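A.B. asks: Pasting in a structure now, in structure tokens, and then I'll have a few things to ask.
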Amino acid sequence: MEAEPPLYPMAGAAGPQGDEDRLGVPDGPEAPLDELVGAYPNYNEEEEERRYYRRKRLGVLKNVLAASAGGMLTYGVYLGLLQMQLILHYDETYREVKYGNMGLPDIDSKMLMGINVTPIAALLYTPVLIRFFGTKWMMFLAVGIYALFVSTNYWERYYTLVPSAVALGMAIVPLWASMGNYITRMAQKYHEYSHYKEQDGQGLKQRPPRGSHAPYLLVFQAIFYSFFHLSFACAQLPMIYFLNHYLYDLNHTLYNVQSCGTNSHGILSGFNKTVLRTLPRSGNLIVVESVLMAVAFLAMLLVLGLCGAAYRPTEEIDLRSVGWGNIFQLPFKHVRDYRLRHLVPFFIYSGFEVLFACTGIALGYGVCSVGLERLAYLLVAYSLGASAASLLGLLGLWLPRPVPLVAGAGVHLLLTFVLFFWAPVPRVLQHSWILYVAAALWGVGSALNKTGLSTLLGILYEDKERQDFIFTIYHWWQAVAIFTVYLGSSLPMKAKLAVLLVTLVAAAVSYLRMEQKLRRGVAPRQPRIPRPQHKVRGYRYLEEDNSDESDAEGEHGDGAEEEAPPAGPRPGPELAGLGRRPCPYEQAQGGDGPEEQ
């Protein structure tokens, strides 16, 4: 019986038509290798390259959206839980029935102290943590600490609430510094993937001109802050759908309130000690906290699963290899730069204004006059106004750079003057529309402030070795300002408005002075970033072309060292006693490796 022929012809075997296939190409052992394993005949290298970089750009957009959504969910959960927790603990009946003599007011004061005081030390450890863990993993760990703070509210005790508040305070500045650095890096990578065809005369990729990533940075910062400011609206969902059903109306809570607005002292002087009409059941509280915990866990998954790395692994190695002592010192050395010194008043005002929106406008003007049940709607108006106005930062694509930042300062200046002379009457709702308009306009100024500052820092400091230091300094000054507001919470409203007004004017004048110096061409004094000192040689350091060379390494203007090793192999006997043992690759090349510095 004859054997059946195989279904598929065997490689290298002659076909039924002899030694040639139907295309006329030899099919036996003499077949050329290129015909067997060569490229696809219709392969279009330029089209494949275009598709590759399009996928890279879509990946960058995915990173920006994931980081923005993660930050929005994280702060929405944190602010919503903290607001609900403080309202429940403020009620005398709730404290006595639920917790007896445990001393919840004292626990709350220590918890707020941990959140507001701990960031003062963040300048000492934030750059070290970001360089050690990496930008993406620092974001993930910080979001995880926020989720830890949410989880401790299942069992409200001193030994759960206060330590978690201290940990959260330690994570505030690293989270914001890493997020600012991350968005800036995404803009630079998007520019790189969009201009991949730009080459120099020798066919090599040329370094993009300084500031070329600015349009993408404007767009990404507008997207990020548009998402983030929605967190204030998301934080009001527990209040609107749960806690408002248990609150007394304004006639009860504001019965002893005599003055509001510019005539008030402290925070809600004379406010009733009982604000809950009925106490919420423990089961309902557990359900709400479980939903918040699930959202916090979702934010962690977004950052972990959808946010890509900000740097290549070899770049991360270079950033760490400058030495931990240098990493610790460099934030302080950047004080030499006159641009940062001129922006410090704006950093401080940025912390003042966001806390004034939550305590001054929302409480001193809003709750004091229209009741606690309308607090959520005031903050929603602020949130929606800020989120929509964040897109106004895109005007920087066509307008001069100072316009958005100065416009935001002008809006706040006008509102501060109006609030300085306005004292709403308690328990009168006719002027409530003015409060909503004021909250929305304050949100517009806040959005222009935050978007403008972050974009400005990303444009002025585009070297990847400096970005984490710069954003650490920015958010550390914000934390100092928030701590100052925490200390002065008992001051009269007129004193708070006066401090706000003076800081705003000083910030605007100082910023315009900085822009004037830049137009005159005054060179900033930046500290030199040391060259990486690699103790372990791996595959990445065997190539002659360093594709991860930073802007600071290649330009004299940044004060970087320019030490090029001599070309050609170096003989072993000359350096045998000076350096390390050569790696196998260097032994094969006949040299002893680079000279130790």
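Backbone N, Cα and C atoms are what each Cβ position is placed from, and that goes for glycine too.
TrEMBL does not curate its annotations; it predicts them automatically.
So TrEMBL has the following annotated:
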type     : residues : note
COMPBIAS : 573-582  : compositional bias 'Low complexity'
REGION   : 1-36     : region 'Disordered'
REGION   : 522-597  : region 'Disordered'
TRANSMEM : 60-81    : transmembrane segment
TRANSMEM : 111-130  : transmembrane segment
TRANSMEM : 137-155  : transmembrane segment
TRANSMEM : 161-183  : transmembrane segment
TRANSMEM : 216-243  : transmembrane segment
TRANSMEM : 285-311  : transmembrane segment
TRANSMEM : 343-363  : transmembrane segment
TRANSMEM : 375-398  : transmembrane segment
TRANSMEM : 405-425  : transmembrane segment
TRANSMEM : 469-489  : transmembrane segment
TRANSMEM : 495-512  : transmembrane segment
A.B. asks: For the transmembrane segment (343-363), what are the same-chain contacts with Cβ under 8 Å, counting residues 6+ beyond its ends?
C.D. replies: 267-268, 375, 378-379, 382, 405, 412, 419, 435, 438-439, 442-443, 445-446, 449-450, 453, 456-457, 473-474, 477-482, 484-485, 489, 493, 496-497, 499-500, 503-504, 506-508, 510-511, 514
A.B. asks: Mind checking which residues of the chain, 6+ beyond the ends of the transmembrane segment (111-130), have their Cβ under 8 Å from one of its Cβ atoms?
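C.D. replies: Distant Cβ neighbours of the transmembrane segment (111-130) are 138, 161-162, 165-166, 168-170, 172-174, 177-178, 181, 324, 327-328, 330-332, 468-469, 472-473, 475-476, 479-480, 482-483, 486.
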A.B. asks: For the transmembrane segment (161-183), could you work out the same-chain residues 6 or more beyond its ends whose Cβ comes under 8 Å from its Cβ atoms?
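C.D. replies: Here the qualifying positions are 63-64, 67, 71, 74, 78, 107, 110-112, 114-119, 121-123, 125-127, 129-130, 135-136, 138-139, 141-143, 145-146, 148-149, 151-153, 217, 220-221, 224, 307, 310, 454, 457-458, 467-468, 471-472, 474-476, 478-479.
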A.B. asks: Check the transmembrane segment (285-311) against each of 216-243, 405-425, 469-489, 495-512 and return whichever range has the most CB pairs under 8 Å.
C.D. replies: 216-243
A.B. asks: Using Cβ distances below 8 Å and needing 3 or more such pairs, separated by at least 6 in sequence, tell me whether the transmembrane segment (405-425) contacts the transmembrane segment (495-512).
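C.D. replies: They are in contact.
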A.B. asks: Where, among 60-81, 216-243, 469-489, 495-512, do we find the most CB pairs under 8 A to the transmembrane segment (375-398)?
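C.D. replies: Answer, by Cβ pair count: 216-243.
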A.B. asks: For the transmembrane segment (469-489), find every same-chain residue at least 6 residues outside the stretch whose CB is under 8 Å from a CB in it, and list them.
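C.D. replies: For the transmembrane segment (469-489), the nonlocal Cβ contacts are 112-113, 116-117, 119-120, 122-123, 126-127, 130, 172-173, 176-178, 180-181, 184, 266-267, 330-331, 334, 340, 343-344, 347-352, 354-356, 359, 453-454, 457, 460-461, 495-496, 499.
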